[in-house]
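Below you'll find the structure, written out as structure tokens, and then a few comments.
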Amino acid sequence: MDRIVEIEKYSFDETYETSLRPSNFDGYIGQESIKKNLNVFIAAAKKRNECLDHILFSGPAGLGKTTLANIISYEMSANIKTTAAPMIEKSGDLAAILTNLSEGDILFIDEIHRLSPAIEEVLYPAMEDYRLDIIIGSGPAAQTIKIDLPKFTLIGATTRAGMLSNPLRDRFGMQFRLEFYKDSELALILQKAALKLNKTCEEKAALEIAKRSRSTPRIALRLLKRVRDFADVNDEEIITEKRANEALNSLGVNELGFDAMDLRYLELLTAAKQKPIGLASIAAALSEDENTIEDVIEPYLLANGYIERTAKGRIASAKSYSALKLNYEKTLFEE
């Protein structure tokens, strides 16, 4: 069953998020340093009548990497073509995409860390020299055909920057890491989104949803949609703190943004009494695969100090015991 606090996209998220997505930097809340720098780089590129350097966005899922790519497209008055690395299986797939670009276009590749080494090799000359090298034939009779490409900007997005090869990473002239959002920022996003959904969201209600959203806009917007359902059923045009609490409690999302899976994870670690538990053991105990543990469950818990990763495995912090309202011996956390 899908988790309401899942950071990966649901099938319905794309259309829903797009309808609520800001089209320019004026409407984009959060990531202030990134916005400031991008505004400078975009203004400079437009002044020189040039394409932007290639851009890499990294950070946990759901923080707005795709939104930023679309805003850059708008600000540069450029067309954007979007794909995801898993869809580029052969060098011919990438060649077809690149040869269909026009001058000044933006190519957005999501999950770029999942490109195969063979695909990366095709991408290198395209990024550096705007040239496509295609090998025809094999063995001694093989020939390389060089095709000139229009100048374009590649925007890559990744949740696992460490999996990018150094040669690929080094070809991005601009690299930005998106950070988790503050509750106050999420509350502003929620109030603006509610208006687009023909609702008014009280400030306290927005903050209540925000603090249960794991510092992630995608989750906040998904929770807002469900809270709106509760308001609609009760014929309410205004989302109140009381209604938000009722809805979120009914959805099984507690005041810290934890659902049943998070609680099972933390209960497993706290029961170990500071004895590290390996990733494989955690995955087996939770009946989840290791990638889901690393990419979905752990990022928020790590970023907020609920767990620690050591060479021997994962351990719960004192904050986890407090979150679960468990007593613990202070000596457990003494060096």
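Cβ coordinates come from backbone N, Cα and C, glycine included.
As the structure is a computational prediction, the values presented were derived from the model and not from experiment.
The region 'Large ATPase domain (RuvB-L)' annotation in Swiss-Prot covers 1-181 and rests on sequence analysis.
In three-state terms derived from DSSP, ASP129 (ATP binding site) belongs to a helical segment. The annotation ATP binding site is assigned in Swiss-Prot to LEU20, GLU128, ASP129, TYR130, ARG171.
Taken from Swiss-Prot, the feature ADP binding site applies to ARG21, TYR28, ILE29, GLY62, LEU63, GLY64, LYS65, THR66, THR67, TYR181, ARG218, supported by a large-scale study or a structure entry.
Residues annotated as region 'Small ATPAse domain (RuvB-S)' in Swiss-Prot: 182-252.
Residues annotated as region 'Head domain (RuvB-H)' in Swiss-Prot, with sequence analysis given as evidence: 255-335.
In the three-state DSSP reading, ARG314 (DNA binding site) counts as strand. The annotation DNA binding site is assigned in Swiss-Prot to ARG309, ARG314 on the grounds of sequence analysis.
Cα-Cα distance from ARG218 (ADP binding site) to TYR130 (ATP binding site): 35 Å (rounded to the nearest whole number). Across the region 'Small ATPAse domain (RuvB-S)' (182-252), the model assigns an average pLDDT of 96. Of all residue pairs in LEU20, GLU128, ASP129, TYR130, ARG171, the annotated binders of ATP, the farthest apart have Cα atoms separated by 37 Å.
Considering only the binding-site residues ASP129, ARG309, ARG314, the residue whose Cα is spatially closest to the Cα of ILE29 (ADP binding site) is ARG309.
The most densely surrounded of the binding-site residues ARG21, ARG314 is ARG314 (count of other Cβ atoms within 10 A of its Cβ).
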